[in-house]
Amino acid sequence: MSLPQWCPPHSTLKRNPTTGEDVYCICKRPDYGELMVGCDGCDDWFHFTCLHIPEQFKDLVFSFYCPYCQAGITGKNKDAIINGEGSLPKTLWKRKCRISDCYKPCLQDSKYCSEEHGREFVNDIWSRLKTDEDRAVVKKMVEQTGHIDKFKKFGQLDFIDNNIVVKTDDEKEIFDQIVVRDMTLKTLEDDLQEVQEISLPLFKKKLELLEVYLGWLDNVYTEMRKLDDDAASHVECGKEDSKGTKRKKKKNSSRSRARKNICGYCSTYERIPCSVEEFVRDFGSNEEATKIHEVCTKWKCNRHLDWVSTNQEQYLQQIDSLESMQERLQHLIQARKKQLNIQYYEEILRRGL
């Protein structure tokens, strides 16, 4: 597939050599706040105006591929495409609401973006029915479907979304050729499997292990404070004046002591370093050490500042991103299967099977 006439040849330029600004799109200009869309193939960003896409279509983009990816010049699967092992990707659009001047995507299992627009469309059709006979036909259709949701789907081909049941060898040959050997579907399913079985469980496990380690660290802090309080009480009780009477404690002497916790960072927090008792004992015997059992024991550590919140936020963001990717891949697989099912049934009809 060749590039559109309005699209310049591909350039690998990512930064303006004069200004040092990052550049994007086919125009290789910086981001000045214009409406842009991200390519799912090469991860670059493109201006709607440069791609000749009306801005009102911004909510209808489901999966976008730039002209270079659609031509096989860039993208994750460009090598497979060059070797003839894959098909060129295409931009997928969400179904537009049936109201002519509305550019919002349809709700699931609906032809409208909202119930209000559904009622508006039906009311418009009803107002155009000129005779009682026309209204009687519509009334009969509603009565036959029995439910408003079924009426909304009246005339749709639900079998297109269902798995194909192959009955003959000829049908199997067509099914294998169109569906089984489709590299786009295989790539999407492989990506989904990797997200579900490798990436997502990995980061969930990392977050779980971090929480376990933080629980261990809290127990360490608790035991260290207990020892600190016991030591302070022992010192106060041992202070007696020359008459053999105990001195009065200074007001709020124990409370005025700053409560500090050690840094607690450990590069191998996926496993608990040792028991709480062992760590507290070893720390008590060597309070000058800056690391015990690979745990940073500095009282004020700038190197590992906010390491807990940083790691937690990183893992939560990764999990959220992967869950969004999982949902998106599931939708893409569903859409691709529907495309292939249509191709399969068209070929069945063409061959007269």
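Placed from the backbone N, Cα and C atoms, the Cβ positions cover glycine too.
Because the structure is a prediction, the values reported are computed rather than measured.
In the shown protein chains, 21 other C-beta atoms lie within 10 A of the C-beta of Cys25 (Zn(2+) 1 binding site). Annotated Zn(2+) 1 binding site per Swiss-Prot: Cys25, Cys27, His47, Cys50, in sequence order, evidence recorded as experimental evidence.
Summarising the annotation, Swiss-Prot assigns Zn(2+) 2 binding site to Cys39, Cys42, Cys66, Cys69. Look at Cys39 (Zn(2+) 2 binding site): DSSP puts it in coil. Here Cys39 (Zn(2+) 2 binding site) comes close to Trp45, Phe46, Phe64, Tyr65, Cys66, Cys69: these same-chain residues lie at least six apart in sequence, with C-beta atoms under 8 angstroms from its C-beta.
Residues or ranges marked as Zn(2+) 3 binding site by Swiss-Prot: Cys97, Cys102, Cys113, His117. Other C-beta atoms found within 10 angstroms of the C-beta of Cys97 (Zn(2+) 3 binding site) number 24, with every protein chain shown included.
Under the heading compositional bias 'Basic and acidic residues', Swiss-Prot lists 235-244.
Feature annotation from Swiss-Prot assigns compositional bias 'Basic residues' to 245-255.
According to Swiss-Prot, the phosphoserine annotation covers Ser87. The Cβ neighbour count for Ser87 (phosphoserine), using a 10 Å radius and every protein chain shown, is 15.
Each residue of the region 'Non coventional C3H-type zinc finger' (83-124) gets a DSSP state, and the totals for helix, strand and coil are 10 helix, 4 strand, 28 coil. Marked as region 'Non coventional C3H-type zinc finger' by Swiss-Prot: 83-124.
According to Swiss-Prot, the region 'Disordered' annotation covers 235-255.
Residues or ranges marked as zinc finger by Swiss-Prot: 22-72. Looking at the zinc finger (22-72) alone, the prediction's average pLDDT is 91.
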Exercise. Over all shown protein chains, what is the count of other CB atoms within 10 A of the CB belonging to His117 (Zn(2+) 3 binding site)?
Worked result: 19
Seminar exercise, completed: The DSSP breakdown of the zinc finger (22-72) into helix, strand and coil residues is 10 helix, 12 strand, 29 coil
For this session: Quick one: pull the CA-CA distance for Cys42 (Zn(2+) 2 binding site) versus Cys25 (Zn(2+) 1 binding site), whole Å only.
Result: 11
For this session: May I ask which of the recorded positions Ser87, Cys97, Cys102 is closest to His47 (Zn(2+) 1 binding site) if we compare their C-alpha atoms?
Result: Cys102
For this session: Could you give the residue numbers and ranges of same-chain residues that sit at least 6 residues beyond the region 'Non coventional C3H-type zinc finger' (83-124) on either side and whose C-beta is under 8 angstroms from one of its C-beta atoms?
Result: 1, 40-41, 56-57, 59-65, 69-72, 75, 77, 149, 152-153, 182-184, 187, 332, 335
Problem set entry | Entry from the binding-site residues list Cys27, Cys50, Cys66, Cys102, Cys113 having the most other CB atoms no farther than 10 A | Cys66
